[in-house]
Each structure stands twice: as structure tokens, then as C-alpha cells.
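Asks: Please read through the structure below; I'll follow up with questions.
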Amino acid sequence: MWGLLIFSVLLGGVLAKEDFVGHQVLRISVDDEAQVQKVKELEDLEHLQLDFWRGPARPGFPIDVRVPFPSIQAVKVFLEAHGIRYTIMIEDVQLLLDEEQEQMFASQGRARTTSTFNYATYHTLEEIYDFMDILVAEHPQLVSKLQIGSSYEGRPIYVLKFSTGGNNRPAIWIDTGIHSREWVTQASGVWFAKKITEDYGQDPAFTAILDNLDIFLEIVTNPDGFAFTHSENRMWRKTRSRTSGSFCVGVDPNRNWDAGFGGAGASSNPCSETYHGKFPNSEVEVKSIVDFVNDHGNIKAFISIHSYSQLLLYPYGYKTEAPADKDELDQISKSAVAALTSLYGTKFQYGSIITTIYQASGGTIDWTYNQGIKYSFSFELRDTGRYGFLLPASQIIPTAQETWLALLTIMEHTLNHPY
């Protein structure tokens, strides 16, 4: 009887999740602007329920799109009719999700210390929040946990503060997981937190950084969305706020900042994955950071971490105008990418958002740069498309390790070039 009950509970949990059986991810290659526009027509056909992992940008830039099983034939016919090339990147999305769940289940078990915590698996929101508490308890002189707000659904929004003392010192901000389905980012954030406590006092270069600068690390920037990726829809990107007059849920928190808000590269359609919201900072998850940054007033570097595509980006995204500090930002990016690549040979591109990928309005680092935070950067971590958002857990630690080398480069530059 008990065995049957447990099986029923497990089955109920599985059945509650959105199913992606037969969904494929296509990689579309566009040769000219006319083909880009044709793919944008596809993007507007809501009945197909397409999920663009990498949207149409410009000729030569790959487009990745998850296509639900019922829409596959129609999409392929459309592409072939217009001479647009494509390959199948992921044959069946659900197979990767099943592998991910099996790996997580096999790695379950509550860690009592940060040394026994498993950094090579994906964790739930509760497990990450537990990890934060353990880390603070182990290093009370170095780490504290701040609540900077509450999410739309009432979850606490936490930031870890790493500091060796002093009031309102110059600071570095790092956030991960603003797009909830980008699981390798939150997992990397957890690894960064542990790395900071390990390297302080051991690595002279990092010790110098933390002796002079505070570090604020927001590991789960979109807690509602992240919880939803675990409970119901692994592919959820946005927040979970409700928009009056629409059945569609959520806002893209990386289109909700007051920097070119509502311009090209964001959508006014609440059902779009890039819906910008009704007004700037409408999302409490964004407003909490805005208020924190403004109240602090001394943040010198701001780094927002996404996946995937293997990019290091700096402003601007909403306009073609180059930032005043373009040459310096470009040189830092070049050095950071070289450091990252030195570990495993992972290749990254770098440049401004609008010239490297596409125009995007209302983005995080455009706002921070406009607020006077000169060293504003955004990462897109592994990979370049084999797995996309479903990066195997075996790549978490290598991804975090190589990214840390790039972060160190940015942090050292920030320390050595005060402004």
C-alpha cells in the first residue's frame, strides 16, 4: 500500500510537469536579410507555439528554435519553401529532460556543509537557499545574506555579501539566473560563492580584491521563474507576474530596465518571451536590484550572467552608439576571454550587444552603464547550441571554473583602475 502511494506521488509530480515529447530544436541558417525577415514571420505565428532560444538577428547568425511536435511539419515546409537551411540540433527535447531529471535524482541528498555540497548537479531553489545559509554559518566574518526584496509570488530575494569590513566600500555586483531556465548560471553562482570563501587568504590576487572591494552575488535573480522550471515547465524564461488583460504570464526581466525601454528588440505582446512589461522596473525582481544599486551608490562593476552562446558583452544593446568607454571595455573583454579560454580552450566572442548579437532594449547592463557603472558586462556561458539551455550537469564545474578566470580579470581591472 505504501509503495503504491509513493509511486502515485512520484507519478503525480511527473505528470504535473509540461511535456516536451517529440519537440525538436532546429538550428536555422539565414543567408540574407530577406531570410531573416521570413523567420521573423514564423516568430509572429503564435499558433505554432515556437520558442526561440536564439532569435532571428542578422544574416550569418544562427537561429535556434524549439518546435512543438504538432508544428514540426509546418515549420519545416515553411523553411524549405523559402530555401532556408536548417538542421536538427536536438531530436527530442524530452529525452534530454529525462536524463537531467535522472541525474538530479541520483545526486539527491542534503549537504550539511559546503564541502559535501554537490556542485556537479543542478539544485532546486530550496537547496540553493539552504546552501547560502550553510555558507554564511561557516564564514560569518566574510559572508552575510541580505534580503533585497520579495518576488511577485512572495519568495525572498537574497544576495550574498562578501566583505572584509568597512562601510560602503567600492563593490562588484554579480547576478545569475535572471532568465530562469538558464540553469548553468545559477549552478555557477553557487560554485562562485564557495570559490570566494576558498580563495580568500589563499590566492594573493583574489585576496587583494576582497581586501579592497565588496562583492555582492545574487545567485537566483528570478526565484519564481526558477521554482517554476523545477515544478512545471523546465523551459520557462520570464518572471511569473500577471498582466491585466492577458492570459499570458510573465515579463522578460532583461527587457524591463529603464534603458531604451520598449524599443526594438523587445515585445509589447504579453505572450512573447521578450515581453518588456507595462513600464520600466514593473518587475519587483528588477526593481529590487535598481533600488539596491541606487541606495548603495558605490558599485564599480556589474556583471550579469546568462547562457548560452559563449559571449562576453558590454553596452549598448538598445542603440548603435558606442559607449564612451568602448576601447577600455573592449580591451578588458579581450583579456577576460583569453583567461577563460586558457583553461579548457572554450572559445568566446566579445563585443557590444548590438554589434555582436542583436538589438535589445531594456537590458540590465545598459541601465547600469547609464547609471555610471563603467565596468558593466554580460556573459553568455556554454554552450554554442549542442545542448543550449539543457547543458549536462557534467559541464557545470568546468563552466564555472573557466568563467571564474574571466571574472577575476574584470575584478582585478576594477581594483587597479578606480574611478
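Cβ from N, Cα, C; glycine included.
Sharing the feature lines straight out of Swiss-Prot:
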- Glu380: active site, proton donor/acceptor (ACT_SITE)
- His179, Glu182, His306: Zn(2+) binding site (BINDING)
- His179, Ser180, Arg181, Glu182, Arg237, Asn254, Arg255, Ser307, Tyr308, Tyr358: substrate binding site (BINDING)
- Cys248-Cys271: disulfide bond (DISULFID)
- 1-16: signal peptide (SIGNAL)
Asks: Taking Cys248 (disulfide bond) as the reference, which of His179, Glu182, Tyr308 (the binding-site residues) have a CA within 10 A of its CA?
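Replies: Hits: none.
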Asks: Quick one: of the recorded positions Cys271, His306, Glu380, which has its CA closest to the CA of Arg181 (substrate binding site)?
Replies: His306
Asks: Can you tell which of the recorded positions Arg237, Arg255, Cys271, Glu380 lies nearest to His306 (Zn(2+) binding site) in space, using Cα positions?
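Replies: Smallest Cα separation from His306 (Zn(2+) binding site) among Arg237, Arg255, Cys271, Glu380: Glu380.
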Asks: Check the Cα-Cα distances from Tyr308 (substrate binding site) to the recorded positions His179, Glu182, Cys271, Glu380 and tell me which is shortest.
Replies: Glu380
Asks: Starting from the Cβ centroid of His179, Glu182, His306, the recorded Zn(2+) site, name every other residue in that chain with its Cβ within 8 Å, sequence order please.
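Replies: Filtered neighbour residues, in order: Gly177, Ile178, Ser180, Arg181, Thr185, Arg237, Asn254, Ile305, Ser307, Glu380, Phe389.
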Asks: Give the sequence-ordered list of residues that share a chain with Arg237 (substrate binding site), lie 6 or more positions from it, and have CB atoms under 8 Å from its CB.
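Replies: Counting only residues 6 or more apart in sequence, the Cβ neighbours of Arg237 (substrate binding site) under 8 Å are His179, Ser180, Arg181, Gly225, Gly250, Asp252, Glu273.
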Asks: Can you give me the same-chain residues 6 or more apart in sequence from Cys271 (disulfide bond) with a CB-CB distance under 8 Å?
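Replies: Spatial neighbours, sequence-distant, of Cys271 (disulfide bond): Glu46, Ser246, Cys248.
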Asks: Can you tell which of His179, Arg255, His306 has the least company, meaning the fewest other C-beta atoms within 10 angstroms of its C-beta, among these binding-site residues?
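Replies: Taking His179, Arg255, His306 as the binding-site residues, the minimal 10 Å Cβ count falls on His306.
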Asks: What whole-number Å value do you get for the CA-CA distance of Arg255 (substrate binding site) and Glu182 (Zn(2+) binding site)?
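Replies: Checking the Cα atoms of Arg255 (substrate binding site) and Glu182 (Zn(2+) binding site) gives a distance of 16 Å.
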Asks: Can you check what DSSP calls Cys271 (disulfide bond), collapsed to helix, strand or coil?
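Replies: Assignment for Cys271 (disulfide bond) reads coil.
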Asks: For the C-alpha pair, I'd like the distance in angstrom between Glu182 (Zn(2+) binding site) and Glu380 (active site, proton donor/acceptor), rounded off.
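Replies: It is 10 Å, counting Cα to Cα.
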